[in-house]
Structure formats: structure tokens, C-alpha cells
Amino acid sequence: SELRNHTLLTEFVLSGLSSHPELQNLLFFTFCLIYTITVTGNLLIFIVTVHPTLRMPMYFFLRVLSFLDITTASVVVPKMLVSFLSKERSISYMGCATQLYFAIFLTATECYLLAAMAYDRYVAICNPLRYAVVMNRRVCFSLVLLSCLSGNVVSVVQTAWVFTLPFCGPNKIHYFFCDIPPLIMLSCTDTSSYEMQIVTATVLVILIPFCFILLSYICIISNILKISSAEGRQKTFSTCSSHLIIVTLYYGSGTLIYLQPRSIFSQDTKKILAVIYTAIIPMLNPMVYSLRNKEVKGVLIKSIAE
């Protein structure tokens with residue numbers, strides 16, 4: 001009976017970000033602006049960092065990060081924008097599975113990529129004389145490829161696991177996109193073993209890369225303290241601190257959602273946390289990682305002047 005109901009289910013209904021009708025227009029314009037800034041900012045960084053003077057590995061990683069941010073926002077935000085203006089909030093069974101796959105694949109890949117970027121900064125600051133040898137083109141491509149392959153494996157396993165669960169109750173997802181925690185809440189079977197598997201994935205995808213990033217930045221900061229110039233120290237500290245704030249927000253929001261899939265957090269709290277890593281961080285990344293960079297700003301101003 002459960003299996004029959006599971007196979008008969010053809011769609012889910014997304015409740016959206018907010019159930020308050022009076023907020024729908026305001027939310028639509030707010031997230032429309034956020035999405036426009038995200039796409040424009042990241043596209044700009046993608047184009048600017050192709051410039052011949054920006055051949056360093058850091059800019060290659062930034063291009064990949066920009067691509068991931070545009071696609072992550074595009075997987076989640078357009079569907080959310082439609083839900084603000086329309087009462088039709090259904091998503092097909094396959095559409096939901098596809099959205100979940102890409103959301104996990106892109107965010108997991110970014111988690112690993114940010115760790116690779118931290119390693120790049122560590123080598124550049126702590127071992128500058130060997131930087132060109134250590135971070136050669138082959139190593140950079142390998143790190144990106146490894147990030148993508150790891151993200152894909154995590155996504156395939158998670159998506160396949162979620163959609164083998166029987167859904168035989170209500171089909172309303174109390175969320176603004178198809179994600180693991182709200183989906184397993186709809187399952188009519190015991191999901192405790194699956195929840196343990198999510199915790200394992202969270203440790204592998206979020207906590208381990210985050211610890212690696214922290215370790216890299218501890219080494220970077222200890223190296224910065226040796227810089228004799230106070231101005232040089234302040235500038236590097238400013239860059240490192242802004243990177244760490246964004247990284248903590250990104251990994252932190254993901255950890256709070258996935259480490260305890262049936263946590264005490266309300267659905268509204270989880271929605272806010274999900275908005276941080278699917279919409280806000282992709283908008284902030286270009287400003288934090290690129291537009292504060294003197295070389296990127298120089299090329300951008302030069303391109304506009306031409």
C-alpha cells in the first residue's frame with residue numbers, strides 16, 4: 001500500500017518563503033533585486049577575471065566560484081519568485097528530485113571549492129617562493145575537478161536516498177524549494193537511519209572543509225603577524241576576516257540545517273538559514289572575494305573606461 005501510494009505521487013506543493021499575503025509583493029521585489037545583483041556581480045567577476053593580467057590560480061578559482069553562485073541562485077530563487085506572485089506552487093515529482101540534486105551538487109561543490117581556495121591563499125602567503133610550482137595549472141584543475149566529483153557523488157547518493165523513501169501522506173513541503181529536511185518530514189516510514197547518514201554527509205561536506213579552512217587561516221594569520229608593515233598587516237587581516245565571516249555564515253547555516261534534520265528549529269528559522277546559503281552568500285561572494293581586490297578593481301575600472 002505504501003509503495004503504491006509512493007509511486008502514484010506525481011507532485012509536491014511548496015508552501016513558499018512566507019504565508020503572509022501582505023508580504024508577497026515586498027518579498028518578490030527584494031529577492032528579485034538580490035537575484036539581479038547576484039547574477040550581475042558574479043557575471044562581471046567571471047568576465048573580468050578572464051583578463052590576461054589576472055592569470056593567477058586565485059582568479060581561476062574565483063571564476064568557478066562565480067559560476068557556482070549564479071547556478072545555485074538560479075536553481076532556487078526563480079521558483080521562489082514565481083511563488084510570491086502565483087498561487088500555483090506545485091512542483092512535479094521529477095522536478096523536485098532535479099532541484100534537490102542540483103541544489104546539493106552545487107552547494108557541496110562550493111563547500112569543497114572554498115577549502116581549495118583557502119589552501120591556495122595559504123600557499124601564496126606562507127610559501128610564496130614555491131607558489132607557482134605548488135599551485136600549477138594541473139593542480140588547480142585537479143582541485144576543481146575533485147570538488148565537482150565529490151559534490152556529484154554526495155548529491156547522487158542523497159537524492160537517490162531521499163526519493164526511495166515512501167511518501168504516502170500530505171504532499172505539501174513547508175519550504176521554498178525541495179530540500180532534504182522538509183522532504184523527509186513527509187515520509188511515512190522511520191527515517192532515523194537516513195538521518196544518521198545525513199549527519200555523516202554533513203561532517204564530510206561541511207565540517208571537515210570548514211576545519212581545514214580554519215586551520216589554513218590560522219597559519220595565514222600567524223604568518224601575517226610577522227609582517228613588519230602595520231598597513232600590510234591591517235590590509236591582510238581585513239581580507240582574511242571578511243573571508244572568514246562569509247565562510248562561517250555559509251558553513252554555519254548549512255550545519256544548523258543538516259546536522260539535525262528534525263531539529264528543534266522552527267521551519268521559519270530553517271527557511272532563513274536556507275536563504276543565507278542559497279541567496280545571500282552568492283550575492284555577497286563577488287563583493288568579498290573580488291571587488292575588494294585591487295587588481296580586479298583596476299581591470300574593472302579600465303574595462304569600463306574603455
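Each residue, glycine too, has its Cβ placed from N, Cα and C.
Taken from TrEMBL, the feature domain 'G-protein coupled receptors family 1 profile' applies to 41-289. The transmembrane segment annotation in TrEMBL covers 26-48, 60-80, 100-119, 139-163, 198-225, 237-260, 272-291.
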Spatial neighbours of the transmembrane segment (100-119) far in sequence, C-beta under 8 Å, 6+ residues away: 58, 61-62, 64-65, 68-69, 71-72, 75-76, 143-144, 146-148, 150-152, 154-156, 158-159, 162-163, 177-180, 183, 205-206, 209-210, 212-213, 216-217, 247, 250-251, 254, 277-278
Best-contacting stretch, by C-beta pairs under 8 Å, relative to the transmembrane segment (237-260) and drawn from 26-48, 60-80, 139-163, 272-291: 272-291
Mean per-residue pLDDT computed across the domain 'G-protein coupled receptors family 1 profile' (41-289): 88
